[in-house]
Amino acid sequence: MMMNSLFGLTSVLCFVVGTLILPFSNAQLDPSFYNTTCPNVHSIVSNVLTNVSKSDPRMLASLIRLHFHDCFVQGCDGSILLNDTSSIVSEQSAGPNNNSIRGLDVINQIKTAVENACPAVVSCADIVALAAEVSSELANGPSWQVPLGRRDSLTANQTLANQNLPAANFNLTLLISRFANQNLNITDLVALSGAHTIGRAQCRFFSNRLYNFSSSGNPDPTLNTSYLQTLKSICPNDGGSGTNLTNLDLTTPDTFDNNYYSNLQQQNGLLQSDQELWNTTGASTITIVNSFSSNQTLFFEAFKASMIKMGNIGVLTGSQGEIRTQCNFVNGNSSGLATLVTKQSQDNDGRVSSI
């Protein structure tokens with residue numbers, strides 16, 4: 001047993017080190033991309049998010065999730081930001097996003113500040129990537145140099161949003177498949193799921209675990225019984241509490257740490273997609289969960305590597321796409337930022353996907 005654990009830990013370490021040796025695998029992206037054209041872009045993003053997080057600490061988790069939901073649909077191209085128009089069907093109305101994604105208004109706020117400093121230079125896709133990194137940092141999590149140089153899409157794809165994004169009730173096989181479709185491996189899955197160390201979820205995305213797991217009429221037998229009672233008090237089975245919120249991490253809900261993994265070991269994972277990482281018999285994810293639980297530094301290094309890897313998915317560079325001047329519309333649209341984002345709820349932080 002000890003040898004197996006050591007072998008598993010060594011495998012995780014080898015993956016993390018191997019990934020970090022070549023963190024900027026897309027040669028067209030570079031952390032220094034704006035060094036001469038917009039040298040203060042990171043500090044601009046940081047200043048806006050520092051102020052926003054004082055009044056809404058949940059926003060940090062929401063912006064990490066927004067980056068994930070952007071990258072899993074036709075790549076990290078800012079397509080999730082596009083509103084409905086006569087020619088665009090917004091991804092914001094897709095099942096995994098509708099009344100769930102948050103932070104679009106904050107991205108607009110950042111974009112306005114960036115445009116004031118560096119007009120028509122920084123893409124909305126890069127702002128989303130930077131906002132995710134700054135959010136991790138502000139929550140006391142890891143920081144990393146974000147590869148930059150993405151350009152913004154001219155289209156959105158609601159169909160792909162419905163197809164590609166993992167759901168909160170997915171089993172491990174489905175989770176692995178959705179990540180593999182993006183060339184992300186099992187270590188990426190476990191590391192990126194660790195973003196659930198901060199943030200909130202709506203009752204409707206896990207209430208089946210409390211009352212009718214797998215249509216059994218009973219709770220999920222793997223759920224810690226004390227935790228089950230706590231969750232039932234937050235999410236009564238009255239048909240009207242679906243939007244009530246609870247912490248994804250019941251121990252340190254606003255601090256980016258490795259307690260997410262120790263929660264899984266205690267059967268205190270909130271979403272089925274969380275608990276599956278540790279409860280699936282014989283799964284290789286178990287060793288990784290145990291490793292991250294016992295070694296926060298290892299988790300942070302893996303999370304950084306996986307975020308950089310995810311941020312390279314399907315990027316537009318060079319002459320592809322455009323640099324949007326308004327994140328919710330392609331250039332030339334006259335609606336402007338005065339048209340408010342209509343697809344997000346300002347008051348909920350529901351999670352449909354596993355991140």
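We count from 1, first residue shown onward.
Quick reminder: no glycine exception, Cβ is built from N, Cα and C everywhere.
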Pick out which of Cys76, Cys118, Cys124 TrEMBL lists as the disulfide partner of Cys327.
-> Cys124
With reference to TrEMBL, specify which of the listed residues Cys14, Cys38, Cys203 is paired with Cys118 by a disulfide.
-> Cys38
Bonded to Cys71 via a disulfide in TrEMBL, from among Cys14, Cys76, is Cys76
Consult TrEMBL and report which candidate among Cys14, Cys203 shares a disulfide bond with Cys235.
-> Cys203
Rounded to the nearest angstrom, how far is the Cα of His69 (active site, proton acceptor) from the Cα of Pro166 (substrate binding site)?
-> 10
